[in-house]
Every structure is written in C-alpha cells, then in structure tokens.
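Just below is one structure, and these are the notes that go with it.
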Amino acid sequence: MALVSMVELLDQAQKGHYAIGAFNCNNMEIVQAIVAAAEAENAPVIIQASQGAIKYAGIEYITTLTKLAAEKANVPIALHLDHGTSFAQVMQCARNGFSSVMIDGSKHLLEDNIALTNKVIEAVRPLGISVEAELGKIGGTEDDITVSEREALFTEPAEAEYFVQATQVDALAIAIGTAHGQYKGIPKLDFERLTKIRERVSTPLVLHGSSGVPEEALREAISRGICKINIDTNIREAFVLAARHVLEGDSKEIDPRKMLGPAREAATAIIREKIRIFGSTGKA
Ligand code: G3H
Ligand code: 13P
Ligand code: ZN
C-alpha cells in the first residue's frame, strides 16, 4: 500500500475509541520491526522520524525505507515528522513524500505558535499532508524542574479550544504529565485536565512521552480521548538490551546481523505489546 494520511487513521481511531501507535524509527531494523509488528497485529500504524533520526539516517533513507516497507505491507502506514520545528524542515519532509508532519511551536508564544501552525497547514494541506501541533510544553524526564513547575507547563483547556478554532489543525499534542525519555518514578497523568480538553476540543489528541507510562494509565488516557500515542524510548531500550545481550554472551561476535537480528525481534515484540494495549489490533 502507498503511505496513507495520518488524519484518516486518527479519525477511525477516534470513532472506534482506540489509539494508533506512533513509533519512532532511526534505522532499517526499526522500520522493519514497526511494520512486522503492525502486520502481525493487523493494525494501522504511524512511523515517525525525529530531527535526530533524520540527522542520523538522512531524510532520503528514512523516506525510501518507509515507503518500501509501506508498499510491501498489507496494513495502512503513515510517515510522520516528529517535533518539526521549522517551516523549512516541514517543506523538506513534504517534498520527500512524508504523509504527515508535526510542527512543534510549543516553545513560542501562543499567537506565534498559531501563526506558525497556520503557515504549515496552508502549505501542506493542499498536498494531502496532515498536521499535528503542540500546545503546552511536554519536555524531557531529564529536565530538572519540580512537579509544580512542570504542571505550570500543562495545556490549558480554554487555550486548547482557542488554538484549535484558530488553526483547524488535524491533531493536537497536549501536556498532561508525560515527558520524553526514561522516567525516574511512575508518571502521574492529569486525567481531569484531559477530559476538560476533550470536552472543548473534538480534534484528535496526542500523547507524547508514552514509554514507561503504565498500561492502565494508557488505557485510561485512550478512554478519555487520546487517539495517537508516541513511543520511542521503549523501542530503544528493547533494541539495545537485546543487542547488548548478544555481545555480552559472545564478546568475539563480529557479525552485525547476529546483534541486529535479535534487536529487531525485541523491538517487534515491544511494539506488538503496545499496539495491543492501544486497542488497534485488528483495525487495519
Ligand atoms: O520526541 C523525542 C523523540 O524521542 C526523539 O528523540 O531527537 O533523540 O531522536 P531524538
Ligand atoms: P518517549 O521516548 O518517551 O516514548 O516519547 C516519544 C515521543 O513522544 C516522540 O515524539
Ligand atoms: Zn514527542
């Protein structure tokens, strides 16, 4: 199948009360793991590339690998730019065949975030490319801030309503207590805030920093309106642990395939587990 637009996947998910997994890729094995997991679960899936991934692998490799994987796959796949920060970068992804982009203007003032998001929507929507924006600041687990400082960065429901009215964006990433990377403790999500946002906004809502969020909390977030869930760190952990296990078992191993094969299998297994939690099994 050709790459599909993310908005179609999210609309179906919203109607069906499940979430689409958006999994970060950095290399061929991770692209293959995401597609293998999606096919094994018969689930639609979003493959996403961060700026770091594009810098590491090169945009042509990311798009070529993903397009090939999608063409060979029998499940719908969208290719999405994760946390795009500039108009130029979004346009580069559009030219290279991404079917979806995130423009992350969350570090800007509200009106500047709206203006940047609208500029992107105006440029790429006519090309059939969907757009995700971010409101509130999600940040990283390594950010050295207190709980109350983090809460001050959470998405305001009234602001979310205003933002969506002003942009008509296809998907909105919100800050409700998650963070990117490995959590030190158990993350506590502000579910009441999520419900208040959902009451004011019918746009598909996105949960970032979802690795390490307990299964029950993910299910609760979905039941309250999250329909795209981003996972990166859990894939990295599974991939690297499996590779490390091979090398620790045989320090003389010099065949990369002996290390990358098990790493790819471990990534596939964790992605399948997430897809089942998200309720998107069988929804392709
Ligand atoms: O949202 C953040 C992702 O985990 C990407 O991280 O820039 O290191 O690829 P990265
Ligand atoms: P984690 O790495 O915490 O899963 O976050 C992924 C993410 O939000 C990518 O945008
Ligand atoms: Zn993110």
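In case you wondered, yes, glycine gets a Cβ from its N, Cα and C as well.
From the candidate list His83, His108, His245, the residue TrEMBL records in the Zn(2+) 1 site shared with His180, His208 is His83. Dihydroxyacetone phosphate is bound by Gly209, Ser210, Ser211, Asn230, Ile231, Asp232, Thr233 in TrEMBL, and the record lists one more residue there from Gly177, Gly181, Gly261, which is Gly181. For the dihydroxyacetone phosphate site listed in the record, the two most distant Cα atoms among Gly181, Gly209, Ser210, Ser211, Asn230, Ile231, Asp232, Thr233 lie 11 Å apart.
With a cut-off of 6 Å between Cβ and the nearest atom of ligand 3, the binding-site residues Asp104, Glu134, His208, Asn230, Thr233 reduce to His208, Asn230.
Proximity to Asn230 (dihydroxyacetone phosphate binding site), judged by a C-alpha distance within 10 Å, picks out Asp82, His208 from the recorded positions Asp82, Asp104, Glu134, His208.
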